[in-house]
Amino acid sequence: MNIRRKNRLWIACAVLAGLALTIGLVLYALRSNIDLFYTPGEILYGKRETQQMPEVGQRLRVGGMVMPGSVQRDPNSLKVTFTIYDAEGSVDVSYQGILPDLFREGQGVVVQGELEKGNHILAKEVLAKHDENYTPPEVEKAMEANHRRPASVYKDPAS
């Protein structure tokens with residue numbers, strides 16, 4: 001192999017290594033910004049296709065209905081705890097902040113936060129359903145069977 005071919009080979013290897021390093025760093029940086037969507041049942045039992053359950057400390061978005069009678073407000077702060085449910089289960093959520101004006105029991109919400117031990121969500125953001133005609137597609141798909149069932153049938157299997 002002559003010197004010219006060797007130099008081209010080294011340059012090609014260096015470009016490929018640089019490209020691989022760049023892709024790896026971009027994916028690592030984006031990893032902290034990716035929030036996966038789950039329903040309460042998927043947190044308890046895993047995603048349907050893969051049966052993969054979220055890990056403690058994982059950032060995620062959870063969509064469900066606010067269970068009637070579950071909203072508890074701390075009178076000395078802005079801390080609120082409530083339960084969201086779907087056809088397969090329920091999870092507890094705690095949130096520190098001002099809730100959206102449209103937030104109420106029996107209404108659809110999407111919470112964004114971290115999963116803690118005991119299937120508890122520490123929410124950083126709470127989004128309430130905007131009006132009667134719009135539901136995010138993920139929530140609508142997960143909630144289509146819930147409107148006819150009473151909230152009392154949704155219990156956490158761990159309790």
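Along the chain as shown, the residues are counted starting at 1.
A Cβ is built for glycine as well, from the same backbone N, Cα and C atoms used for every other residue.
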Problem - Given ranges 104-131, 132-159, the stretch to which Swiss-Prot attaches the annotation region 'Disordered' - result: 132-159
Completion exercise
Counted with DSSP (H/G/I as helix, E/B as strand, rest coil), the topological domain 'Cytoplasmic' (1-8) has 6 helix, 0 strand, 2 coil
Practice task
Quick one: average pLDDT across the topological domain 'Cytoplasmic' (1-8), no decimals.
Solution key: 86
Completion exercise
Per the Cβ filter (under 8 Å) with a sequence gap of at least 6 from its ends, the topological domain 'Cytoplasmic' (1-8) is approached by none
